[in-house]
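What TrEMBL annotates here:
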BINDING   Cys11, Cys16, Cys19, Cys41  [2Fe-2S] cluster 1 binding site
BINDING   Cys81, Cys84, Cys116, Cys118  [2Fe-2S] cluster 2 binding site
BINDING   Leu212, Val213, Val214, Gly215, Asn216, Thr217, Glu218, Ile219, Phe286, Lys334  FAD binding site
BINDING   Gln629, Phe660, Arg774, Ala935  Mo-molybdopterin binding site
DOMAIN    331-435  domain 'CO dehydrogenase flavoprotein C-terminal'
DOMAIN    458-564  domain 'Aldehyde oxidase/xanthine dehydrogenase a/b hammerhead'
Amino acid sequence: FSGVKWDQLGCGEGGCGACTVMLSKFDRLQKKIVHFSVNACLAPICSLHHVAVTTVEGIGSTKTRLHPVQERISKSHGSQCGFCTPGIVMSMYTLLRNNPEPTMEEIENAFQGNLCRCTGYRPILQGFRTFAKVSDVGQLLLQFLLNLSSSLFNSEEFLPLDPTQEPIFPPELMVNEPQKQLCFQGERVKWIQTATLKELLELKAEHPDAKLVVGNTEIGKRAMPRKGSHKVKLIGRMTVASFLGISFGAACPLSEMEKALVAAIAELPSYQTEVFKGVLEQLRWFAGKQVKSVAVSLCVKDSLTPRTRVFAKFSDHYTSTLCIFQGEYFSAFKQASRREDDIAKVTCGMRVLFKPESDQVQELDISFGGMADKTIPALKTTRKQQGRAWNEELLQEVCASLAEELSLEPDAPGGMVEFRRTLTLSFFFKFYLTVLQKLGKDSTDVSEGRAGLVVVPLGSQLFCDDIPPYSNELYLRLVTSTKAHARIKSIDISEAQKVPGFIHFLSADDIPGSNETGLFNDETVFAKHKVTCVGHIIGAVVTDTPEHAQRAAQAVKIEYEELPAIITIEVTDLKIEKGDLKKGFAEADNVVSGELYIGGQEHFYLETHCTIAVPKGEEGEMELFVSTQNTMKTQSFVAKVLGVPDNRIVVRVKRMGGGFGGKETRSTVLSTAVALAAYKTGRPVRCMLDRDEDMLITGGRHPFLARYKVGFMKTGKIVALEVEHYSNAGNTLDLSQSIMERALFHMDNCYKIPNIRGIGRLCKTNLSSNTAFRGFGGPQGMLIAEYWMSEVALTCRLPAEEVRRLNMYKEGDLTHFNQKLEGFTLPRCWDECLESSKYHARRNEIETFNKENCWKKRGLCIIPTKFGISFTAGALVHVYTDGSVLLTHGGTEMGQGLHTKMIQVASKALKIPTSKIYISETSTSTVPNTSPTAASVSADINGQAVYEACKTILQRLEPFKKKNPNGSWKDWVSLTPNLGYSFETNSGNPFHYFSYGVACSEVEIDCLTGDHKNIRTDIVMDVGSSLNPAIDIGQVEGAFVQGLGLFTLEELHYSPEGTLHTRGPSTYKIPAFGNIPIDFRVSLLRDCPNKKAIYASKAVGEPPLFLASSIFFAIKDAICAARAQHADFKMKELFQLDSPATPEKIRNACVDKFTTLEGSIPWDILQFKRAHRL
């Protein structure tokens, strides 16, 4: 496989699908070739005997011919960073190999195991829908709903799919003879593939602790080197065992079980397939195709997050399913944070058998997962119900008994105690209503499930870790703290030194320059005496292979002296104030106050942090290939650590597999360590963080807590506002102050408030430092604004859209930070969105729906955004803040002294010593289209180019020289241009211009479980005169879906000791294909040129993210409808709904007869509130 890039490694646990490949083999039992997708990160190489592997490189490329799948995802703009593209392409390719004309439902299901953080999914589905069957009944509706940007590509130009042109299955793998036992001996692990059951039993007796592996979807995650390893593993054959009737062999993949059950449902009487339908519904949401193709068990033995075996107690073995009798009914339920491919909070299986020709219960079985460390049957409850009629009295009795039998302690593992207890009752109520329907006694609709989605990147890009290894390359692994706050007493590396290939252990003592780092020098490259968070980098090991580095890092033993956790508030506050607040509140008809908590968010870029450092061997030169957004800081921080001038360090970035702000400053924690390792060893060193390391170390979006007080008139007009903002900065300052400043600048969102005060406080905590994230504090500030605005509308009993429009800015108004609004297109966006979404007509339809449905409610909300934009620029002659200059030109040095002459030219032009100037190399990445170094003219032509570049630099420095005429060269170049805003005087312009947009979203919530469906979203966005509408629409959709995760889905969970629990896709859920709005429409505002940017365009990457709050407030609107229906519980009209609006929060807010349990607040929120002395 030399030179083959294969697919990308995104998580290492089969949760993101970036590494999806297709496996093909001859199935001896079915006597045919089968194709199925798997996660390469989990598939043991020794399980691929007689199996063909197809990667994205194997189906087509730009060098030969693109496969239709690659062409369509490219031309439909379904790829942005490109890191996830290979996996998505291979999922679609595998589907087409099995079914060249799939339905839209099959296409949607094919991607349940794939994640994308950039696109918003819509263009991927739109491109691939062109493969769907022409005769598909839903095709016309699909085209109507997803024709949003049909003009962005012409499907008639696509290459046709020709199944006859696909690569043939290798004939040498067509093995139809009995399998033989195979043994694979690794460095520490022996893998044995058995051929018969007798061999398996004998080996298991010989090695009782050996793990039995079939699909490796569970053991694979737990047996990675960093998490321990088993000495012997027995491989079950990845083949389908024969099944007779409805009996499944022990090695039968879940995908084959699905096929068999679907066939049985089509053939058998309806009453005999109750269990089959329940099993299929659970399998639908259990995992993606990659997992179901090889996974063989429905049971995960995990005390915190169990997946209940849907057969529950109805079958004592994995191998069979009992038949259903007439008068017997079965249902299975699952509730998770994200519907697809997520571990359940609570699951259950319920079965009832009635006496013949009656509604009297003969048998009732109920089993739950998620209520203990194993699946538990509710025996006390079910035994009492025999002989009773299926009526309201039985319902009340079962609910009361379940509440008593399934009690959870307030500190039960997994948390969410109130939510989980309520779910047990809600699930039975759903089952009760379902059975009533089937008995013909009730017509209440309790059906579940998301409605089917009717809806020049090609997977060959090179990323940092794709750079081929150097011949003498070494690998680095970080050693991090396991304590939140402690003194380091000792570091023992003796066991690490015994690991084969061990080279060196790096610590603070190895640093030749300064151990201080960070934007404000409040961080260290390596902690020396004290650690201040779990994940604080203490050192690093360097070995010959990544596997040895993992083992060596794990072998380092650190002794700590634990210290109490420190949570403080910085003394200095940030403040913006305008008007007379006291007078404003005095004049107000009403005053509302409250608080809102906004959770943090993990960047979850598909490509984790990666650095390759290559020492050049002279003058301290070093070249770094880094996945970073900030080459300047990477360069300066590395130079500082190594004790060399900035101009000795060259940082290169080919491309990144996502960043979103997470690689702006935090990438330096890795790049400095890798650079130090390369310096110490004199050899190239590489490190790419595992997903769990990345999430632990690098921080994310700042959690916010807001305490607000708003004064307003009866008409809804706002007259006074005071908000205190608290942000969890983590253990260092990083960009927290700048982020809080932007939050304060956006605390008004789009509304004119005459009397206003905003205060921002940064909280230092023993957690990894939080950092920049798309929106940079703006989404937090604006969500708080829209939150109190919604409460104003509720209090005044006025339509929310009218109150928002009433308070909206007008052209020429001054913001609360006194910047004049020019080119204010928001009213146009607002009116267009109201019209295109048919807002008022749909509002009436929703009110009718809510009156007719008791346990499902719909909500609708329209939200505006105003986002400030500022920018920076770069130059060819690089001047660094330490005064050094890196000069790049088009000539090459070959002994003729060309570099020396160029340094002299620059020295004279810039009027600085030649010692300040350095030439590293000639590179086409910095100076394209150069003339050859020949004919003795190189000094002339390149010298003139250098002179012109230096003149440009001097002209740019002139304003700074005038401000400080007595300053030095270093004083002038260390200054950075800004737009001149002052917090002290509340004057100046912090932004160059503003971007505007409006979104209208409709949702439907399940009041019994807290689930919600995103039914429709309409967006109107002002991007100026769009340079590329396809790219701009993609940015809008991608930002919106990332915001959808922030406001409704993504949660970070910490232990009381400060350990992050959510460290991978199995525990941290970003939006998937099934989370996007069923009807997703984006339009760009026409005829709105921006006079302050290139070609009259506008920035579009960050502004649309906040528009996803329209989903959050639509959910809040639906909850209001649910609470209004249960007014007899005497609830307050105003209620707190913190972000994200997860199923737990939605369910607990829908107060009804099932939510009578004691409430509890998650630990991390309690700790955060204590930080503010509340």
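Cβ from N, Cα, C; glycine included.
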Given the binding-site residues Asn216, Gln629, and counting only Cβ atoms in the protein chains shown, which has the most within 10 Å of its Cβ?
-> Asn216
For Phe286 (FAD binding site), the number of neighbouring Cβ atoms whose distance to its own Cβ is within 10 Å equals 23
One finds that other Cβ atoms within 10 Å of the Cβ of Arg774 (Mo-molybdopterin binding site) number exactly 24
Among Cys116, Leu212, all listed as binding-site residues, which has the most CB atoms within 10 Å of its CB?
-> Cys116
How many Å separate the Cα atoms of Cys116 ([2Fe-2S] cluster 2 binding site) and Cys16 ([2Fe-2S] cluster 1 binding site)?
-> 8
Tell me the Cβ contacts of Cys118 ([2Fe-2S] cluster 2 binding site) under 8 Å, same chain only and six or more apart in sequence, or just say none.
-> Ser79, Gln80, Cys81, Cys84, Gly658, Gly1034, Gly1038
For Arg774 (Mo-molybdopterin binding site), the closest of the binding-site residues by C-alpha position, picking from Cys11, Cys19, Val214, Asn216, is Cys11
Asn216 (FAD binding site) versus Cys19 ([2Fe-2S] cluster 1 binding site) - Cα distance in angstrom | 15
Across the domain 'CO dehydrogenase flavoprotein C-terminal' (331-435), DSSP yields 38 helix, 27 strand, 40 coil
Just how many other Cβ atoms lie inside 10 Å of the Cβ on Cys81 ([2Fe-2S] cluster 2 binding site)?
-> 23
Averaged over the domain 'Aldehyde oxidase/xanthine dehydrogenase a/b hammerhead' (458-564), what pLDDT does the prediction give?
-> 94
If you count Cβ atoms within 10 Å of the Cβ of Cys84 ([2Fe-2S] cluster 2 binding site), leaving out that atom itself, what do you get?
-> 31
